[in-house]
């Protein structure tokens, strides 16, 4: 057996089950072993008096009141009984699980896993434990048709078959010894089934180091390629033409835009290869700066390409650049073009008849030839792998590269995370833009907000509603969103059109729903997914985020940035009843500032204390386990050792480091 065999070779996994696992990205045995839990439930029995409010824990005690089931509403019920631990008596509630009543005998000793509510001195039960279980139990993200129990069973089967012994080591022994790291095989086993918390932490550190080290090695290789390729292109752009276009704009650039533009234009005119990151707050005007840089490249006799992650963004940028530069020839290249249209576009690019080329990853496919590519701009660069970025760069004769991200990143972090890139920052908003008014409300205040919304919609405004996020289950995400969408449809019947957007839809279906929203065919858009960064709907003035405390500051700021794109006053409403102090702090900070750089610093401080938010949509590279902010010290160590290895002449041939070179070749192939 080898790890590249399909999943259905495992006993108990048939072809139909394998299809369900494929939705999680698990297609072969290696994918299964490397599909790590995103958290663990601690099943060590705790004392009731030591629990924090909202903490999940196992409490054991003697059953001192009989279990009673109370029914209310449609198919809803509550099972209630009391446990005594020492001298403390507390209530236990199970919702919609009446069948558990048979398991609860008066006078018996019982262990229950649940969530503690200090104010009510009660535990909301999640699981009755028949016997003492392992202290730490993995919790995996799921897809429809897969339960925690079935996934754990399949992973256990893989380990029982000894498949973990086939996992190849990808770090030399010298690094394992120097940084006191577990072997890869040990770490993978301990990530799934740790014997104790310290073992899990060691495994996590090993996997994080591996991810960050190889990321830094890829950056070092890009850096050395730049050096080997020699000097960059010299783009002698026309000062006169660039100034004329700037003057013709219907607005003046902010000082921050002007400074960033000059840094970019200076790089383009120099003989060194530009490799720059342009970061700016949501709505700070990066697109105009990027557009002027592209125009400058054209005045120097070159083509400029802009690569974005989605078709709807490509179309949006195409329209805005067409309006900015009506005299330039633009080409739009996306995956959905029909064969004849695609041939025509490819021909205009190859012949040099297109000045500006805007597109998705279709820009890097085989068969796309550029006549004279001088500048590449990659928007939301964290959405593209290092390999994809390299391919686009190889399409020209070492063209200048500008990467953009819509999320402010603290400078020290940006410099380490993006290796050798120069960083330009737009930290000012265009004049006249009204700050978004942000309010935090409790769930019970939602009816008043819906009444207020009716008035806003009557005035012609459109609304985004983000459905609660439940990390464990995509199926629950969808169920909640459908329920929310139906409730809003009923509430606004005859007054507003409601549409639903979710992650299971095909990309063309998502694009159509967004297009309908842009064209005002719908008034309210309910979404489970974070609305695409940069999607511009000027008429959308209200963003409502349900269970907002489940998002990190950067995600909340990104969501808020979907509104406030026109000249009307815009609003963000955070609906949350946070149980933790950090959740309350996030809500408070969001209502106090709309400055993304202030929020980025706060996010850094809060994460430093061990709070974990996702890096999705954060503008930073994404990893399976590592988090660039949370794991900054590991990132620094990884950067130092990657820098040292890369500085050794012909390190790829050195027996000590050969393993790294081979693994990088495999990674590049996968990217």
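Cβ from N, Cα, C; glycine included.
What Swiss-Prot lists as region 'Wedge domain' is 44-134. What Swiss-Prot records for 267-426 is domain 'Helicase ATP-binding'. The ATP binding site annotation in Swiss-Prot covers 280, 281, 282, 283, 284, 285, 286, 287. Annotation comment: Swiss-Prot describes 379-382 as motif 'DEAH box'. According to Swiss-Prot, the feature domain 'Helicase C-terminal' maps to 445-610.
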Fewest-neighbour residue among binding-site residues, criterion Cβ within 10 Å, set 280, 285: 285
For residue 283 (ATP binding site): intrachain residues, at least 6 apart, with Cβ closer than 8 Å: 429, 430, 433, 561, 564, 565
Shell of the ATP site beyond 280, 281, 282, 283, 284, 285, 286, 287, same chain only (C-beta within 8 angstroms of their C-beta centre): 406, 426, 429
Binding-site residues compared (284, 287) - the one with the fewest other Cβ atoms within 10 Å: 287
Other CB atoms within 10 A, centred on residue 286 (ATP binding site): 24
Same chain, 6+ residues apart, C-beta under 8 Å of the C-beta of residue 282 (ATP binding site), given in sequence order: 406, 407, 557, 558, 560, 561, 596
Cβ neighbour count (within 10 Å, all chains shown) around residue 281 (ATP binding site): 25
Across the domain 'Helicase ATP-binding' (267-426), average pLDDT on the 0 to 100 scale: 87
Helix, strand and coil counts within the region 'Wedge domain' (44-134) (DSSP): 9 helix, 54 strand, 28 coil
Secondary-structure category, per DSSP, in which residue 286 (ATP binding site) falls: helix
